[in-house]
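Listed in Swiss-Prot:
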| type | residues | note |
| --- | --- | --- |
| CARBOHYD | 54 | N-linked glycosylation site |
| CARBOHYD | 114 | N-linked glycosylation site |
| CARBOHYD | 252 | N-linked glycosylation site |
| CARBOHYD | 256 | N-linked glycosylation site |
| CARBOHYD | 379 | N-linked glycosylation site |
| SIGNAL | 1-22 | signal peptide |
């Protein structure tokens, strides 16, 4: 099987830069205020997704209290001992050794360092794995240390440069991907590993070569993954418009001039020959191939393959078309494209923008690869949930190293996926059926996740043993995101396809009402309901969410109950109903009792501590002409025997009646027959 890191790229000059839909930081506001915010109607947890094209290095934020790029700190379990084998060709030197903008792709970029061929091995070793000015201190070692909470690091030893015996395109042109592109009279489809690894082993000896766990082959020039679109349909209106500069080499008596300037490529019918003739990054048998345009996200993605985890992405232009699987949220999906400037800058050398900082691995992949401890996962069973009652748990952002007792994910195992069958050939939103689990995880825009489009909660379905298409993000906003991808040469806008990974930029769930996202998700067929109850961001800046999972239709073992105190208070002190509004604060009591028998339900682990709460749905009404109400959060949770404060925002027009009565109803989600009501009286002239 070919494992590849793929791209949807475009020339920056041809792009329509899209505005972010909200504030650029993507960070939810502090939740849980019980004293009324300055604006009682303020949205608790707004969805502030950001278009990757608009991101800059200013979006990067270090996880609090960390210095994962410290080269003196090694992985507590292992440091990957990796050889970096640098190779160039008779027809293609390393781009970084050339004058700025001098190759056909206008690389290297202005301001690039002046590097000689003999300096190439050290340059790319340092660029990839030594904190410095050019890479802004970001390294492969940093990525894996952060992603694994200090368990795995990277040691990189560099070799070469080795001159390959054949021309670059004889290795780069693939037999199936680029059929018909080999210059007439020449032979292509050669495996770069044979000559690259052969030269390396001959140089250092078999015994020393065997001392390395893995090998990165770094090929001079571009990779096809990062150039096929931008130097294809983005630059040229039609394939016949591709200029000779991007075509095959001039004829030398072998008839090469009969080849067109375009060629077949992986995802669409054509690209320029110059793009098609480059290698496509891939991994297998202990080695991976990359090129100079391959960012650190590509190296991290290919290293993941070498650890025996597969791709989880689609063809964004496939026929039939399918939605992206996990999009920008997963290193094994299009998260490998993440970085400032978005995917359309991945063609640049050196790779300092798109693809330079891929996302973290998902919670599913972290468990699979041993990047986190099992203690940081809450493992529950859907079937046991029917007998134990709902579970409430606080989940911390996956970028944060969990402390003892902290969770970075919830894993809900199912004995069978009961979802109705769907057909991937006719429905682009079909998940393919046959999943074994649901996962809940929190993503925050810091560390390697800084260039994810949003902060919030990701729900996904996963398969245990599948090697590809094994995880499917539940999209909180499944509608077409309707963003322009680029402009064609004639000025026609090309929209992001339904299969484009950026369709999932607004997929995360958020707490509270009016967020632009959703705060709950129900899978009726699988009898599961998920709740996003409240966001929390502590003084250090760590993001977490209180979440809950309930079996729909089970026999709840607990006695449920709820009470609202009658003396609701107006807790806003600096505003009036006719200004920003006021807050009515209600005291909610969980009057239910816990049944110890629930702890005997056969979950994969002891979940007793998470069974001792209920979730309540809040609804508010108001009596009075010209008045309005809103519950900033339609959900609340409280442990058995405990109380919490819940809020209702109340506002009035200047012409409203002088007084109004607000009624709040709180209903148990576990047992809707248990509910309580209380009133709050307000006067538009007083706060």
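Here the Cβ of each residue, glycine as well, is placed from N, Cα and C on the backbone.
Swiss-Prot feature annotations superimposed on the structure.
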| residue | record | DSSP (3 states) |
| --- | --- | --- |
| 54 | N-linked glycosylation site | helix |
| 114 | N-linked glycosylation site | coil |
| 379 | N-linked glycosylation site | strand |
For this session: Take the Cβ of residue 54 (N-linked glycosylation site) and count every other Cβ within 10 Å, whichever protein chain it belongs to.
Result: 16
Exercise. For the glycosylation sites 114, 379, which one has the sparsest Cβ surroundings, going by other Cβ atoms within 10 Å?
Worked result: 114
Exercise. Expressed to the nearest Å, what is the distance separating residue 54 (N-linked glycosylation site) and residue 114 (N-linked glycosylation site) at their Cα atoms?
Worked result: 29
Seminar exercise, completed: Rounded to a whole number of Å, the separation of the Cα atoms of residue 379 (N-linked glycosylation site) and residue 114 (N-linked glycosylation site) comes to 53
